[in-house]
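The structure appears right after this line, and notes come after that.
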Amino acid sequence: MRKIVIAGNWKMYKTQSEAKAFFAEFPAQLNATAKAASVTNQQILICVPFTDLAISQVVASSVTSPSIHIGAQNLHWTDCGAFTGEIAAPMLVELGIKFAIVGHSERRQFFGETDETVNKRLKAAQKHGITPILCVGESKQQRDANETEAWIFSQLEYGLKEVDQQNLIIAYEPIWAIGTGDTCETAEANRVIRLIRSKLSNPDVTIQYGGSVKPENIDEIMAQPEIDGVLVGGASLDATGFARIVNYQSP
Ligand SMILES: O=C(CO)COP(=O)(O)O
């Protein structure tokens, strides 16, 4: 059975004190409607900057109803070494972190991430029991040139080489919909996600949509049958708004 995963990606936002302030407010906001507690198949995850991981993990693990998981936004493929500025899986494991985003389009665009390095990072996460969230998605130019499917299939083919599909989440994030307020039509996101699923050997992989998800559009997004959750950037920074996203209303 496919799990629903509602995830936040804080990107490079929130100092430790700002993270603490968020977690002081978020559980009460979540419980204001108490929907999440009654949905047993749903996980809540927030991927925070490295400097917020320890404090967020401590605060989140004290919240049990519903549980809030904390994730990283990247990890290196070796267990340790001379890789200035990187973080290794054992460092995350020691903090109790069980999720990490891998291959976000901002990593691919600004930090030279390739399908090959993405593939290595996915395998390193899994080797240490961390569930990676593999991000795929096309640019505006690729969409306009009708290259969406070929591009995403190639990201999957190379990214997923020898990757265990039993411990994996995929996020479909069209690059042109990220941070633009320009959400992908929900039916179109549903169509692309169905195509992604057709390329997987495990039909139960959770596949999220990401790109300008907001409290105003979450209900429509989650009403789509192929969409198993969301990866939320900007709107996950606000405790009230993100709680509304987590407590989306099913049709
Ligand atoms: O990149 C994203 C999540 O990983 C999406 O960001 P926005 O929700 O800000 O568009």
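Here the Cβ of each residue, glycine as well, is placed from N, Cα and C on the backbone.
As recorded in TrEMBL, the features of this protein are as follows:
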BINDING   Asn9, Trp10, Lys11, Gly179, Ser212, Gly233, Gly234  substrate binding site
ACT_SITE  His104  active site, electrophile
ACT_SITE  Glu173  active site, proton acceptor
Review point. Around the substrate site recorded as Asn9, Trp10, Lys11, Gly179, Ser212, Gly233, Gly234, what other same-chain residues have a C-beta within 8 angstroms of the site's C-beta center?
Key: Ile178, Val232, Ala235, Ser236, Leu237
Practice item. By Cβ count within 10 Å, point out the most packed of the binding-site residues listed: Asn9, Ser212. Key: Asn9
Exercise for review: Let me know how many other Cβ atoms fall within 10 Å of the Cβ of Trp10 (substrate binding site).
Suggested key: 21
Review point. At the level of the C-alpha atoms, what whole-angstrom distance separates Trp10 (substrate binding site) and His104 (active site, electrophile)?
Key: 12
Check your understanding: Taking Asn9, Trp10, Lys11, Gly179, Ser212, Gly233, Gly234 as the record's substrate-binding set, what's the max Cα pairwise distance in Å, rounded to a whole number?
Key -> 14
Point to revise | List of residues, in chain order, with Cβ under 8 A from that of Gly233 (substrate binding site) and at least 6 apart | key: Gly8, Asn9, Lys11, Ile178, Gly179, Gly210, Val213
Review point. Given Ser212 (substrate binding site) and the residue listed as 'active site, electrophile', what distance in Å do their CA atoms have, once rounded to a whole number?
Key: 15
Review point. Does Gly234 (substrate binding site) have same-chain partners at least 6 apart in sequence with Cβ under 8 Å from its own Cβ, and which are they?
Key: Gly179, Ser212
Point to revise | Under 8 Å by Cβ from Glu173 (active site, proton acceptor), same chain, sequence gap 6 or more | key: His104, Ser105, Cys135, Val136, Gly137, Tyr209, Gly210, Gly211, Leu231
Review point. Counting other Cβ atoms within 10 Å of each Cβ, which of the recorded positions Lys11, His104 scores lowest?
Key: Lys11
